[in-house]
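What Swiss-Prot says about this one:
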ACT_SITE  Asp12  active site
ACT_SITE  Glu71  active site
ACT_SITE  Asp143  active site
BINDING   Asp12, Asp143  Mg(2+) 1 binding site
BINDING   Glu71  Mg(2+) 2 binding site
Amino acid sequence: MTTQGITVLGIDPGSRTTGWGIVREVSGVLTLVDCGAVRPRGDEFSDRLGAIYHGLHEVIARHMPDEASVENVFTAKNAASALKLGQARGAAVAACAAHHLPVASYAPTEIKKTIVGVGRAEKEQVSFMVARLLGVKGDWGPDTGDALAAAICHLNMRRLRRLAAG
């Protein structure tokens, strides 16, 4: 960590929409750097995975974060959905790896509990708290809100690990 603090890219993977958000922490103060979503077009699944990879690759090259935090895949409506979600997550992690970015993974319930205090919080509650923590108006979509939550969760967990280490 430099005197400029640490910058974390949070990612909420999805085959239709992959949210991303970049949060910087300096002396315990969180600042929103940028956020958005990669929305692949087309029916060919491999093309969508490529779009996720390239979209995040561009975000990382533009903002040069120090670390990344990616929401883990635990549940889906069915096995096929879980597989697609896992592949989208793989494309996101590969984009981070191409930039030698350390990647942390957190379960959705862990992220929600860190941000809202409840592991089963609704997406709207998460977005509301993310906006409050960042001191901004939260006019992003749910995927971007979840990505920002993943970044904040990682910053909080990092701080706790440093405190525990003494």
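Glycine too: its Cβ is placed from the backbone N, Cα and C atoms.
These figures come from a predicted structure and were not determined experimentally.
Shown in sequence order, Thr18, Gly19, Trp20, Glu71, Asp143, Thr144, Asp146, Ala147, Ala150 are the residues of the chain, 6+ apart in sequence, with a C-beta less than 8 angstroms from the C-beta of Asp12 (active site). Just so you know, the Cβ of Asp143 (active site) picks up 25 other Cβ atoms within 10 Å once every protein chain is counted.
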